[in-house]
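A.B. asks: Here it is: the structure, laid out below.
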Amino acid sequence: MITYQNWLTPELSFDSNSETKGALEVLEWAYSTYGDEILYSCSFGVEGIVLIDLISKVNPYAHIVFLDTGLHFQETYDVIDQIKEKYPNLTIILKKPQLTLEEQQEEYGKELWKSNPNLCCHLRKIEPLKESLDHVSAWISGLRREQSPTRKNVQYINKDDKFHKVKVCPLIHWTWKDIWRYVHKNQLPYNVLHDKGYPSIGCQPCTQPAFNEQDLRSGRWAGQEKLECGLHVSTRGTSS
Ligand code: SF4
């Protein structure tokens, strides 16, 4: 089994010309390799919905974690409820940070997402994901190469130096159109904010409507230098 600790560039190849551009094949490999030792971290954006549907075909009992910062839009919680209803066998965990918002304010001051967004993401996203990944060898992420310049080199299977795990990214070759085609064809529920100009949806204070085809994440931390929450840095991969 490929793990972070014994990482050797895996000699695997997946057919990026298949119907799902390699995604189902990658998921079949991932669940047969890691069994219960793999977790999908889902933000419940539209890519996440596609990935959940594909995962449910490979492992209807898969474990999924949502990093519940306490600052998400109500529409995001609504779509989580719809997904729970549609896929009752999946285990969906809403992982909360150690500090409540009140405790965070007491310790670091009001609106930390404005004064120090990196620290805020560290406390409310990175540490909770780290805890969630404690007992697994690999995790799944819905990153797509087209999504933003910061993601153009992501591979199907990545050595994740941030969390010291293997990171599996089945959707790397999917385009924005592929995602929506799949959602509509399969009549999947999705976050209604996508129809209101939000291509990428994170925490409410740090997400604005925006549409830039070259950078679908341009509405995240708009006006700040920050581009990523820090979950997806330092990855090296293979099997493109
Ligand atoms: Fe805090 Fe914004 Fe990061 Fe959410 S996205 S954890 S509100 S800085």
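Note: Cβ is positioned from N, Cα and C throughout, glycine not excepted.
On a predicted model such as this, the values are computed, not experimentally measured, just so you know.
Features from TrEMBL:
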{"type": "DOMAIN", "residues": "38-209", "note": "domain 'Phosphoadenosine phosphosulphate reductase'"}
{"type": "BINDING", "residues": "C120, C121, C203, C206", "note": "[4Fe-4S] cluster binding site"}
{"type": "ACT_SITE", "residues": "C229", "note": "active site, nucleophile"}
A.B. asks: Give the three-state DSSP assignment (helix, strand or coil) for C206 ([4Fe-4S] cluster binding site).
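C.D. replies: In the DSSP reduction, C206 ([4Fe-4S] cluster binding site) maps to helix.
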A.B. asks: Can you see whether DSSP assigns C120 ([4Fe-4S] cluster binding site) to helix, strand or coil?
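C.D. replies: SS state of C120 ([4Fe-4S] cluster binding site) = helix.
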A.B. asks: Work through the binding-site residues one by one (C121, C206) and point out the residue whose CB has the fewest other CB atoms within 10 angstroms.
C.D. replies: C206
A.B. asks: Including all protein chains displayed, how many Cβ atoms other than that of C203 ([4Fe-4S] cluster binding site) lie within 10 Å of its Cβ?
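C.D. replies: C203 ([4Fe-4S] cluster binding site): 22 neighbouring Cβ atoms within 10 Å.
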A.B. asks: Taking the Cβ of C120 ([4Fe-4S] cluster binding site) as the centre, how many other Cβ atoms fall within a 10 Å radius?
C.D. replies: 23
